[in-house]
Amino acid sequence: MRSRMPPVPPPRRWNNRKGHSLETRNRSADRSVRAPGPRCLDRRRPDDRLRRPTDSVAELPASAALLSAMQRDLGLTEGQARTRLAEEKAATALEPKAQRAAGSAYGGSWLDPATGELTVAITDAGKAGAVRATGAQTRIVEHSAAQLDATMKRIDALSAPDGVASWRVDPATSRVVVNVVASEQGDNDVRDFVAKARKAGPVTVERTAEAPQTFAAGTVGGDPYYTGNVRCSIGFSVHGGFVTAGHCGGTGQQVRGWDNSYIGNFQGSSFPGDDYAWVNVGSGWWTVPVVLGWGTVSDQLVRGSNEAPIGASICRSGSTTRWHCGRVLAKNETVNYSQGAVHQMTKTSVCAQGGDSGGSFISGDQAQGVTSGGWGNCTSGGETWYQPINEILNRYGLRLHTA
């Protein structure tokens with residue numbers, strides 16, 4: 001379950017020895033040295049766990065760290081990044097209203113980052129007025145979301161060879177897109193799978209450069225947490241623990257810090273099929289609702305888990321590559337890892353590398369999911385999938401720790 005790419009060790013900055021938080025210094029001291037990765041755990045006194053933000057700060061959806069990463073990775077100015085976040089927040093609130101207005105004619109939805117408008121696919125032109133009344137644009141398509149989901153389930157039931165990377169619903173084209181590894185497209189097993197997939201419903205075949213892989217890695221000094229010889233990143237705080245990727249550890253396994261100090265145990269884990277897990281927090285640790293600002297900028301507060309639409313900007317934090325941003329490319333995608341297929345994933349244009357598995361995906365101040373895997377790296381680029389956070393919370397009956 002290691003990444004094929006060599007792990008890049010993060011700075012050796014964690015200090016979870018007695019009397020310390022995951023920072024190496026007290027909050028009243030210089031804040032320039034911080035723990036790598038999302039700061040889900042803290043060993044300060046409970047009354048010092050999180051300072052209440054001022055009213056002006058509380059209104060801001062994004063920290064300086066997230067805004068900086070958006071500017072770097074999306075080519076935006078700070079003003080454009082703030083405008084985009086505001087548009088995406090509005091679209092996130094609008095999406096469920098527009099879906100209800102479309103009813104059974106709903107065919108999916110996506111955000112156009114150029115215009116900031118949400119488009120809703122519908123199979124019945126008679127529903128256009130009701131959908132537009134919510135503030136969304138409409139596009140008439142051939143297949144409903146329910147029909148495309150049914151096609152996905154039929155393809156999920158097939159046995160996919162390694163040369164098939166993934167398959168997903170594409171609401172804009174009203175089809176299921178099957179991605180095959182370019183170098184394997186002539187393989188007989190791949191051809192056979194594609195032929196069967198086409199019989200399952202409306203299918204388009206596309207090529208991808210590489211096969212997907214999970215982003216766990218071997219342990220390196222300074223790791224945020226490890227189990228056995230696998231290094232991963234913390235996702236988000238929940239009351240009583242934190243969520244992360246399932247391929248990082250099995251139920252009952254111990255979780256330890258880089259200095260081998262005990263944090264907790266995996267209380268639940270699922271992989272493949274799903275890729276999620278949660279770890280309880282004990283031995284003097286507790287949780288705080290933030291993603292770390294990496295020591296030079298403010299932390300990113302987590303205020304909820306409203307799901308961002310396709311097309312929205314999204315950022316990821318992990319112990320190897322820190323903050324990186326991109327866009328939500330697709331939802332409801334099945335990813336065919338070598339260990340087995342994982343269903344209902346969200347695909348992004350964000351890069352990641354070994355050791356980033358389990359880390360936070362966040363849009364503004366809304367938690368989105370935990371890093372699962374992908375292809376490429378943060379030098380040449382690539383794509384990354386995440387396991388949606390709300391599915392994890394619902395599966396284990398957890399409550400997200402919010403500011």
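All residue numbers here begin at 1 and follow the chain in the order shown.
Here the Cβ of each residue, glycine as well, is placed from N, Cα and C on the backbone.
All annotation found in TrEMBL is predicted automatically rather than curated by experts.
Under the heading region 'Disordered', TrEMBL lists 1-56. Per TrEMBL, the feature compositional bias 'Pro residues' maps to 1-12. Annotation source TrEMBL lists compositional bias 'Basic and acidic residues' at 20-33, 40-54. Annotation comment: TrEMBL describes 143-197 as domain 'Peptidase S1A alpha-lytic prodomain'. According to TrEMBL, the feature disulfide bond maps to Cys232-Cys248, Cys315-Cys325, Cys351-Cys378. Taken from TrEMBL, the feature active site, charge relay system covers His247, Asp275, Ser357.
On the structure: features taken from TrEMBL.
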| residue | record | Cβ neighbours (10 Å) |
| --- | --- | --- |
| Cys232 | disulfide bond | 35 |
| His247 | active site, charge relay system | 28 |
| Cys248 | disulfide bond | 32 |
| Asp275 | active site, charge relay system | 32 |
| Cys315 | disulfide bond | 28 |
| Cys325 | disulfide bond | 25 |
| Cys351 | disulfide bond | 24 |
| Ser357 | active site, charge relay system | 35 |
| Cys378 | disulfide bond | 20 |
Those recorded positions, out of Cys325, Cys351, Ser357, that come within 10 angstroms of His247 (active site, charge relay system) at the Cα: Ser357
Alpha-carbon spacing, Asp275 (active site, charge relay system) to Cys351 (disulfide bond), which is rounded to whole Å: 18
DSSP-derived structure type at Cys378 (disulfide bond), helix or strand or else coil: coil
By Cα-Cα distance, the member of recorded positions Cys325, Ser357, Cys378 nearest Cys232 (disulfide bond): Ser357
Recorded positions clustered about Cys325 (disulfide bond) [Cα within 10 Å; pool: Cys248, Cys351, Ser357]: Cys351
The domain 'Peptidase S1A alpha-lytic prodomain' (143-197), counted residue by residue under DSSP: helix, strand, coil: 25 helix, 14 strand, 16 coil
Rounded Cα separation (Å) that holds between Cys248 (disulfide bond) and Cys351 (disulfide bond): 19
Residue pair Cys315 (disulfide bond), Cys351 (disulfide bond) - Cα distance, angstrom, rounded: 10
Separation of alpha carbons, Ser357 (active site, charge relay system) and Cys351 (disulfide bond) (Å): 12
Whole-number Å value for how far Cys378 (disulfide bond) lies from Ser357 (active site, charge relay system) (Cα to Cα): 14
